[in-house]
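Read the structure below first, then the notes.
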Amino acid sequence: MSSPSKRREMDMMKLMMSDYKVETINDGMQEFYVEFNGPKDSLYQGGVWKIRVELPDAYPYKSPSVGFITKIYHPNVDELSGSVCLDVINQTWSPMFDLVNVFETFLPQLLLYPNPSDPLNGEAAALMMRDRPAYEQRVKEYCEKYAKPGEGSEDKSSDEELSEEEYGSDDEDDDDDDDDVAIAGKPDP
């Protein structure tokens with residue numbers, strides 16, 4: 001079965017030649033990370049996310065597994081696991097598609113056109129439908145906190161939790177830090 005392995009190598013090279021930063025896991029071509037920039041004219045513009053890609057043995061006949069390592073606030077991305085809900089990748093994958101399609105078309109479309117009626121993050125979907133400005137603010141807060149370019153955004157992964165202070169703070173005011181500590185409580189002696 002050398003055809004899928006040759007195709008895997010070709011698609012990886014094509015992805016790297018398209019100026020994506022690719023970091024292999026365990027020196028193989030089946031699992032790797034890709035640095036993904038938020039699409040222009042979206043709430044995610046300016047953000048940089050680390051995406052984990054896993055290619056099955058049957059790739060390109062079977063779709064790659066794609067997930068956000070860097071935290072992102074989006075109705076169609078599971079906040080804890082980073083799993084992506086994207087029909088083209090998960091259900092309608094075709095060998096005609098390649099890895100560049102995933103990063104130049106599928107993921108940008110996902111971020112540009114979230115679908116709150118088919119959520120993996122129910123809280124984000126509900127907020128998007130109920131209060132669009134609050135949703136947009138939360139997206140921007142996540143981008144600022146987790147997806148800043150060049151600041152080790154991969155260190156802020158999907159399995160980390162926001163502290164009570166980080167989650168609840170809607171304003172940039174740091175004047176009331178003492179109040180936040182009082183609310184959070186103090187450690188036992």
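Backbone N, Cα and C define each Cβ position, glycine as well.
What TrEMBL says about this protein:
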- 1-148: domain 'UBC core' (DOMAIN)
- C85: active site, glycyl thioester intermediate (ACT_SITE)
- 145-156: compositional bias 'Basic and acidic residues' (COMPBIAS)
- 145-189: region 'Disordered' (REGION)
- 157-181: compositional bias 'Acidic residues' (COMPBIAS)
Counting every protein chain present, what is the number of Cβ atoms, excluding its own, within 10 Å of the Cβ of C85 (active site, glycyl thioester intermediate)? 18
List the helix, strand and coil residue totals of the domain 'UBC core' (1-148) as derived from DSSP. 58 helix, 25 strand, 65 coil
Return the average pLDDT for the domain 'UBC core' (1-148) as a whole number. 91
